[in-house]
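Engineer: Sharing a structure below in structure tokens format, with a few things to ask.
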Amino acid sequence: MARTKQTARKSTGAKVPRKHLSSKSSFPSKPVNEVLKKTHRFRPGTVALREIRRYQKSSDLLIKKLPFQRLVREIAQEFKTDLRFQAAAIEALQEATEAYLVGLFEDTNLCAIHAKRVTIMVKDIQLARRIRGERA
């Protein structure tokens, strides 16, 4: 197919209604019940269990590196300005942080199960921290 040069067309500024060449549409219309196709939905809890298995298999970090690094620098700024961090130091902090959070959520889940619930709540986290001796 040969390329052709496009020339500028003068615009009138007003919208002109388009002319319909044929009264019938080019594709056959479907009945109403075929048009609205239901999207597939998994049963409640299926996707959550799949995510649990996926994250338990993996060993990579779950918190994004740059936001965590910014948070560390922001907290360190309160104690001393112009601090520098090695990449390995921030990575070690992130490993320790994620290990702590995973352990806390495991204990929190046990507290929720003890209360005959499956949903964790703030009071479960508070109880887990209190039992650990982190909070008076």
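Residue positions begin at 1 at the first shown residue.
The backbone N, Cα and C atoms fix where each Cβ goes, glycine too.
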Engineer: By the record in Swiss-Prot, which of K38, K80 is the one labelled N6,N6-dimethyllysine?
Structural biologist: K80
Engineer: Annotation N6,N6-dimethyllysine per Swiss-Prot: which of the candidates K10, K65 has it?
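Structural biologist: Residue annotated N6,N6-dimethyllysine in Swiss-Prot: K10.
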Engineer: Any idea what the Cα distance is from K37 (N6,N6,N6-trimethyllysine) over to K5 (N6-methyllysine), rounded to a whole Å?
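Structural biologist: Taking the Cα atoms only, K37 (N6,N6,N6-trimethyllysine) lies 44 Å from K5 (N6-methyllysine).
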